[in-house]
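Colleague: I am attaching a structure below and will ask some questions about it afterwards.
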Amino acid sequence: MKYLYATQHLTLNAIKHAKGGHVGMAIGASPILFSLFTKHFHFDPDQPKWINRDRFVLSAGHGSMALYSIFHFAGLISKQEILQHKHGQINTSSHPEYAPNNFIDASTGPLGQGFGMAVGMVLAQKLLANEFKELSDKLFDHYTYVVVGDGDLQEGVSYEVSQIAGLYKLNKLIVLHDSNRVQMDSEVKKVANENLKVRFENVGWNYIHTDDQLENIDQAIIKAKQSDKPTFIEVRTTIAKNTHLEDQYGGHWFIPNEVDFQLFEKRTNTNFNFFNYPDSIYHWFKQTVIERQKQIKEDYNNLLISLKDKPLFKKFTNWIDSDFQALYLNQLDEKKVAKKDSATRNYLKDFLNQINNPNSNLYCLNADVSRSCFIKIGDDNLHENPCSRNIQIGIREFAMATIMNGMALHGGIKVMGGTFLAFADYSKPAIRLGALMNLPVFYVYTHDSYQVGGDGPTHQPYDQLPMLRAIENVCVFRPCDEKETCAGFNYGLLSQDQTTVLVLTRQPLKSIDNTDSLKTLKGGYILLDRKQPDLIIAASGSEVQLAIEFEKVLTKQNVKVRILSVPNITLLLKQDEKYLKSLFDANSSLITIEASSSYEWFCFKKYVKNHAHLGAFSFGESDDGDKVYQQKGFNLERLMKIFTSLRN
């Protein structure tokens, strides 16, 4: 037990040094992490993101010091990094933060999402294992472990993702519950009254209950590995054990004091000094956690050597390297669409068909709307065919997004998912977390404006684009035709470290002669030009057609008009000043048009003489889509009034 106590002592000291932290879980759940990492967990100390490593997700991320203490004694985190806990060091931040070169498999902290990402990791593993089973059944035979707290299990997303894990029989998933019956404001029983055994068994899980004795946790994990179902292990723990706030909800977060250290030393019969731990402890951890990994990695490398001449091996390496350039560069042809003058969602179907080949590693998730959004490759799904690229999630948008993040974190897979734009809010917390981790997930949102029509204001998403654009590292495309759609689709396929969102229409849009897929990647470009224009009109998506119609009216009045198509305002705002000044004219007026409440359009005011914006700032109604669109001011008469006011 002294090795476990050493990690707990380090945890207390590191949190005291940081001037406070989540002592309760970091101490109480430490037997879970200790048993896992000293007996079961497989990874490569020299290659943190080795494809066949076990994955560990601390969904209750506030217990991070329990993990960092083990990493320190095993030689994976330095003394200096421990001393910087919560003070600017990514490897020991308050909540675990994923990086491409560290030993954290997912950024966590927003409760429930770690559970969902773990489900995504195991789903990705299952898909990859099936894809390459002809090579070997040992290429993807790892486990994913996730530690959850009571807060994780109270979040709605945990219910969503646990059903998915049960439906798809993700038996490589082992969830360990830090069941301490206490949370920040109260005892758990005051806010939760469910039977966890019944809850998980009802959705196809294996359930195990144990106390926090190391040997019992060990045996529970061994038993879980023998199951053909995902396993939920409820571990009875004690929050802030061996401190003055033991088993009290005040123990969730506090600053350890001298009384705590005296209590700890008395109850554990230890006498450690902060960062003056015996060499024998470091030696034991390196032998127990690190040295046992060598044979596992050596066996895997030998397996790869034996497979390198197999026909599937090149595909395997392209997939696990996430070499999206090799997989998708020059795969799309904007000219090969079934029908022009279509809704931009229809082009999605065309482009998905173009990359529907055995080398593509794209998998599509949808929230029960594939027949409306066309986020689907072929006609089957995973329930019917283990080789299918389509994964039905049901009406679980938040679960879908957390699972997508987990699949991207696992590696080897490109993942696309989506729903109607009005429901992007359901996924927003996971979109934000994926962007924070620089994950190349790909969202498609359709039904993007008032012209959804009869479904009414609940389905008319005037307010969603600014929400998506406001998230750092999220690249939002709103194309106006097939060429711009192709560019946005291609950008999403090739992205290595950025979340891509493609926003598409349900209503048909006319194909436009002068649109340009290459220029689309600048975010905006001149679609129609007149030198020394009196007026510049900039628009995105369906409003580009309205701009073209208005230009025809003004041309008859001898007004010189320049039209800018702006399919990606975020990319455009990142262009240099020279390019931006080439689009605008200091002597011209500017009208910007978009059926959304986005504020970014006002950033262009400084480049022109004066500026007015036609946007959408109110809910719609249930009526004919074109009628609602017109009533909300997206018509030639309204534009003429705006132009007249600018001239005056």
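Yeah, the Cβs are placed from backbone N, Cα and C, and that goes for glycine too.
Per Swiss-Prot, the features are:
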SITE      His22  site 'Important for catalytic activity'
BINDING   His22, His252, Arg345, Ser372, His447, Asp455, Arg506  substrate binding site
BINDING   Asp150, Asn180, Val182  Mg(2+) binding site
SITE      His252  site 'Important for catalytic activity'
ACT_SITE  Glu397  active site, proton donor
Colleague: How many neighbouring Cβ atoms, not counting its own, are there within 10 Å of the Cβ of Asp455 (substrate binding site)?
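Modeller: Taking every protein chain into account, the count is 15.
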Colleague: Round to a whole number and give the Cα-to-Cα distance in Å for the pair His252 (substrate binding site) and the residue listed as 'active site, proton donor'.
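Modeller: Approximately 31 Å lies between the Cα of His252 (substrate binding site) and that of the residue listed as 'active site, proton donor'.
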Colleague: Which residues, in sequence order, are found in the same chain with Cβ within 8 Å of the centroid defined by the Cβ atoms of Asp150, Asn180, Val182 at the Mg(2+) site, excluding those residues themselves?
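Modeller: Near the Mg(2+) site, the remaining chain residues are Gly28, Gly149, Asp178, Ser179, Arg181, Gln183, Glu187, Val188, Thr237, Ile239, Tyr249.
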Colleague: Which residues, sitting 6 or more apart from the residue listed as 'active site, proton donor' on the same chain, put a CB under 8 Å from its CB?
Modeller: Ala367, Thr419, Phe423, Tyr426, Ser427
Colleague: Please list residues from the chain of Arg506 (substrate binding site) whose Cβ is under 8 angstroms from its Cβ, counting only those at least six apart in sequence.
Modeller: Ala343, Arg345, Ser372, Thr446, His447, Asp448, Gln451, Val452
Colleague: Whole-number Å distance between the CA of Asp455 (substrate binding site) and the CA of Asn180 (Mg(2+) binding site)?
Modeller: 46
Colleague: So how many other Cβ atoms are close to His447 (substrate binding site), meaning within 10 Å of its Cβ?
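Modeller: Result for His447 (substrate binding site): 27 other Cβ atoms within 10 Å.
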Colleague: Give the residue from the recorded positions His22, His252 that has the most other Cβ atoms within 10 Å of its Cβ, counting over every protein chain displayed.
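Modeller: Selected residue: His22.
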Colleague: Taking DSSP as the reference, which of helix, strand or coil describes Val182 (Mg(2+) binding site)?
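Modeller: The residue in question, Val182 (Mg(2+) binding site), is strand (DSSP, three-state).
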Colleague: In whole Å, how far is His22 (site 'Important for catalytic activity') from Asn180 (Mg(2+) binding site) when you measure between their Cα atoms?
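Modeller: Cα-Cα, rounded: 14 Å.
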Colleague: Out of Asn180, Val182, Ser372, which of the binding-site residues has the smallest number of neighbouring Cβ atoms within 10 Å?
Modeller: Ser372
Colleague: Reduced to three states, what secondary structure does DSSP give His22 (site 'Important for catalytic activity')?
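Modeller: For His22 (site 'Important for catalytic activity') - judged by DSSP and reduced to three states - the answer is coil.
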Colleague: So, in DSSP terms, is Asp455 (substrate binding site) helix, strand, or coil?
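Modeller: DSSP call for Asp455 (substrate binding site): helix.
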Colleague: Measure from the Cβ of Arg345 (substrate binding site) and count the other Cβ atoms within 10 Å, all protein chains considered.
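Modeller: Arg345 (substrate binding site): 25 neighbouring Cβ atoms within 10 Å.
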Colleague: Including all protein chains shown, what's the count of other C-beta atoms within 10 A of the C-beta of Asp150 (Mg(2+) binding site)?
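Modeller: There are 21 of them.
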